[in-house]
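Quick one: the structure is below, and I'll ask about it shortly.
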Amino acid sequence: MGKGAASEKYQPAATSENAKNSKKSKSKTTDLDELKKEVSLDDHKLNLDELHQKYGTDLTQGLTPARAKEILARDGPNALTPPPTTPEWIKFCRQLFGGFSILLWTGAILCFLAYGIQVATVDNPANDNLYLGVVLSTVVIITGCFSYYQEAKSSKIMDSFKNMVPQQALVIRDGEKSSINAEQVVVGDLVEVKGGDRIPADLRIISACSCKVDNSSLTGESEPQSRSPEYSSENPLETKNIAFFSTNCVEGTARGIVINIGDHTVMGRIATLASGLEVGQTPIAAEIEHFIHIITGVAVFLGVSFFILSLILGYTWLEAVIFLIGIIVANVPEGLLATVTVCLTLTAKRMARKNCLVKNLEAVETLGSTSTICSDKTGTLTQNRMTVAHMWFDNQIHEADTTENQSGISFDKTSLSWNALSRIAALCNRAVFQAGQDSVPILKRSVAGDASESALLKCIELCCGSVSQMRDRNPKIVEIPFNSTNKYQLSIHENDKADSRYLLVMKGAPERILDRCSTILLNGEDKPLNEEMKEAFQNAYLELGGLGERVLGFCHLKLSTSKFPEGYPFDVEEPNFPITDLCFVGLMSMIDPPRAAVPDAVGKCRSAGIKVIMVTGDHPITAKAIAKGVGIISEGNETVEDIAARLNIPVNQVNPRDAKACVVHGTDLKDLSHENLDDILHYHTEIVFARTSPQQKLIIVEGCQRQGAIVAVTGDGVNDSPALKKADIGVAMGIAGSDVSKQAADMILLDDNFASIVTGVEEGRLIFDNLKKSIAYTLTSNIPEITPFLVFIIANVPLPLGTVTILCIDLGTDMVPAISLAYERAESDIMKRQPRNPKTDKLVNERLISMAYGQIGMIQALGGFFSYFVILAENGFLPIDLIGIREKWDELWTQDLEDSYGQQWTYEQRKIVEYTCHTSFFVSIVIVQWADLIICKTRRNSIFQQGMKNKILIFGLFEETALAAFLSYTPGTDIALRMYPLKPSWWFCAFPYSLIIFLYDEARRFILRRNPGGWVEQETYY
């Protein structure tokens, strides 16, 4: 082979200039579609000569420095391209001018406009509109800052990918090893890695020694995978001769050729995909947009109607414009933006106490709308620790205890065969407990060693006592470690029993172990391994394998003292001791068991109408076993394979629609069209996707979204980040999750437990219900705030309610009660109903507007006007004489206006009475809002069923009353807010109306419960 002068024909797999140029011309969409496809590599199929031909690399000397420099200049550095980021000021502006804020800004601008018109046309303009504009602007700015602060902690996806990129790499150039910056690594470089290194690029392994890599961040498989030059699988993600960029080498050494760098590596593709995906609008954002349309529609309709009416009534153009602006602004619920934000924040805090950390406030409600959950298996549905589940000895399967607190089944530990089996499992085992953990429960202890050996170690420690003492009594003499060729691990120990000097113990793949045995241990005695026993072994092996468990076989041999005296020189290179004709002792099988709370959580999801789909990189048999264990595939539901086995017919003769459950293999998924995938998602209620790749997880999420589902996705690996980002709500794991997955997600489960998602769904549904109640409560007071202005225009009476007083209601008395509804407990079991349909079940619908504006609001307005007319009548102005009095009433120079009894009133005296009316109207609204708050507690139940257990709400009732009294009676508020003290009797004017509201709504809900689905429900149930 020529020395490193790379062949001119060489075109790297995915980094050629052609690819670069064509990429520029393609649209972003095409690029993302390309990234969603499976990784296509053929380097794992090439032999060493073909690799040399393709990359022009001398397989011993590496590239020449000059050639490496050329390739670096052509392909660029080995780094991930950061995506275009949104500047912080734009994010801030989105919070400040997006969604509900735009309505308040419009109101503020209209207020300033109205004030400007008044300044230009009137000598002494009132400052009300100026105050209102300033207050509205302040509310939006404060709420915007609050929301920005809440979400500023989010979405730095690429930063966490950067942490995964190794800093240094050991390359061989011109036959010399040198450590260079990983960014300088080029395609065709010869790279060496050892245990503890991070892989600097995608490598095709050309030589290896006991090399194992941890691919969990990429594939989700927790077991270290061995790496060697052999081509072992068609799938490049599963073959043994490719090591992937940013995964870790955990033991051994390897040498490989760089086949892809930077963005073109498998990890780079995932990073680009995750950061490039467009994220849709959250359901609550869509609801708020819909709400704004409704409120704006109502405001503009009323404004324009009364603008035309005021022109007909003879007002000037400028007056009509002021009225138009006033009506539109009066329709804006100033306090609602703050209320919604605070309600979502309170729920987010409540969820954090239940181990759900919400990064994005809107995600709180999205989780409640979820109709499909695509859940990862390892660590989410399962405990993420391999545990011994079954043993087979004495021709019998024994069940081990897999519970987290060891409260499960026990088996006979006195058997001589168990004694022998446990001794082999303890001695033929390299796993050890890490130091200083004596006080930690055995199952929680950290172990140095792979997952299977850790499971065996913990099992034996629990059942038989100290493993280290057992090892001390039987010191290891020699060992043959496990390798992929012979598939067993063997060690020879000094024997503490008197029957022989040395004991040979072996474990490995069951069929390989059985082949090396001629006898079997039954009830402590060696018996010949006949066909009957082989069949019994085969049945046990198939049964345990069918449960999705990883099965290991164990055997031993007592080496006779005559042949193997003390000090015998055992040789593991050329074995000078028997490795056949051994005695088979038994099987032990391991599984990552389901978490205790998961089956119940899956059951809750099912009764809540939520479809739970398992998406895992694990083997289909294991995935199906866990799915059955946790109830994702419920008892009695069969897959096509189950039906075929039951009817004893080929699988292809079974109609897929007959099977409710379905296990889809990743390789089959690769060949499915969108339509076929949609069919699977539509016709099967219980689905498991096994052996899936990151791209496929994303395709599954998109498929569910095409069905109209609101999709939640759980994941912990880097491989999950595109799906987490694309889902309506991405849920990452707080303990086992990679930084990348946490950054891509909207919510983090602090305890990695699927059951916490169900708690989150419950909270999300509750906050949607409670937001409805909060909005209904807040909007109702809009009518008694708008109608005084309308009567002022139509009937030409003194203004019954001032702008400043409206602000005191919206941003004062109504705030705490509206927020208190966020603490209201659920009316019924909200986890027994179907997920809401975002198209039909809106946060604010016509029925809510009809109830708030057309019914309860009107009764409230009557209460306000009653107190207004009572005060004016007590001061001498009867209602009939008020019509048409406005112009004279507001004239500064009219100092002798006569009332109904002929008394004369100066301008200042009139205004004191008017402002007292404002205060009384304000107090009346507070009193009728008591009843409104109580009826908003429940949408269907009677208030007597629901009870008054919400302490915050009771505090809200007292708080709004105390605030109203404070504003009315505190000296100085007459000057600052134009609020005047009221006679005690005037407080009672609105009481009858408050009672009417309460009785009216109790009667409505009674009819609603008596006639479900009837006319009253169709017209009034919001």
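Numbers run from 1 along the shown chain.
Placed from the backbone N, Cα and C atoms, the Cβ positions cover glycine too.
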Tell me which range among 109-129, 802-822 Swiss-Prot lists as transmembrane segment.
802-822
Would you say Swiss-Prot puts Glu70 and Lys949 in the same topological domain with respect to the membrane?
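Taking the topological domain names from Swiss-Prot at face value, Glu70 sits on the side where Lys949 is.
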For the topological domain 'Cytoplasmic' (823-842), give the DSSP counts of helix residues, strand residues and coil residues.
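Once the DSSP states are binned, the topological domain 'Cytoplasmic' (823-842) shows 4 helix, 0 strand, 16 coil.
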Once the chains shown are all counted, how many other Cβ atoms turn up within 10 Å of the Cβ of Asp716 (Mg(2+) binding site)?
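Neighbour count, Cβ to Cβ under the 10 Å cut-off: 29.
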Just to confirm: which same-chain residues, 6+ apart in sequence, have a Cβ under 8 Å from the Cβ of Ser942 (phosphoserine)?
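When sequence neighbours closer than 6 are ignored, Ser942 (phosphoserine) has Glu1002, Arg1005, Phe1006, Arg1009 within Cβ distance under 8 Å.
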DSSP says what for the topological domain 'Cytoplasmic' (153-288): how many helix, strand, coil residues?
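Grouping H, G, I as helix and E, B as strand yields 33 helix, 49 strand, 54 coil.
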Hey, does the transmembrane segment (951-969) touch the transmembrane segment (802-822), meaning at least 3 C-beta pairs closer than 8 angstroms, sequence gap 6 or more?
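Result for the transmembrane segment (802-822) with the transmembrane segment (951-969) is yes.
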Look up Asp376 (active site, 4-aspartylphosphate intermediate) in the DSSP assignment and reduce it to helix, strand or coil.
coil
Just going by other Cβ atoms within 10 Å, which of the recorded positions Asp376, Asp720 has the emptiest spot?
Asp376
In whole Å, note down how far the CA of Asp376 (active site, 4-aspartylphosphate intermediate) lies from the CA of Asp720 (Mg(2+) binding site).
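Their Cα atoms are separated by 9 Å.
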